[in-house]
Amino acid sequence: MKKNFLPFVFIGAFSILLAACSSEDLEEDNESLDTPDNGEDNGEVQEMDEEDAVAEDVEEPEAIAELHDANEEPVGTVNFHERDGNTRITAEAENLDPGFHGFHIHEEGVCEPDAEEGPFDTAEGHYSPEDNEHGEHAGDLPPLYVKEDGAVEMSIESDRFTPDELVEEETAMIIHSNPDNFAHIPDRYTSEEQDESGPDEDTLDTGDAGDRVACAVIETP
């Protein structure tokens, strides 16, 4: 009996050691599943990005323009936010004809739908403190693209003005009936209104954007 006792002791001790190692490995595996390093960090970054986006949406703009059409019906809103030295312009509108529409800031914040020369003609020409030709006016913005359902959402940035300047100088926001060509008329074309080739005076003024279908005074909220 003494000869057989020692092997049983070794076998019992070895079994206990294996059980302890297996328990430790299982705990480590569970910890790695419960607290993944990369997953937790990525989750925090994503959450912060979403919070920033929501904060930007609810932040009050420095200037706002409430658009109305010639029937004095509301059409949409344009918000102006100052962002790192630039101005972010965010437009949301509806009940417009599908397609591209000229989209400009005009020099006079007067929106009269029954103006003698045509709806909103009282807003005068494009906002251009430096008196540039069309295409280089400070108020020249990319055209709005209206979807088939008559709605549009667009966000752009400009470094040509600040929201405060637009309010202080009493400007207006205008949506036109037609696209804006920004006076990009090749020299091979000659207008019936002039003898020389290239854009004529009307094109240089407005980009042939047509009638003014919506207007808003740019003001503080």
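Going from the start of the chain as shown, residues are counted 1 onward.
Note that Cβ sites are derived from N, Cα and C of the backbone, with glycine treated the same way.
Just so you know, TrEMBL annotations never went through curation; they're auto-generated.
Keep in mind that what you see is a predicted model, and the values were worked out from it rather than measured.
Lifted from TrEMBL, the feature list:
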type	residues	note
SIGNAL	1-19	signal peptide
REGION	24-59	region 'Disordered'
DOMAIN	76-218	domain 'Superoxide dismutase copper/zinc binding'
REGION	113-143	region 'Disordered'
COMPBIAS	123-139	compositional bias 'Basic and acidic residues'
REGION	177-211	region 'Disordered'
COMPBIAS	192-205	compositional bias 'Acidic residues'
Secondary structure tally of the region 'Disordered' (113-143) (DSSP, helix then strand then coil): 3 helix, 5 strand, 23 coil
Taken over the domain 'Superoxide dismutase copper/zinc binding' (76-218), the model's mean pLDDT: 87
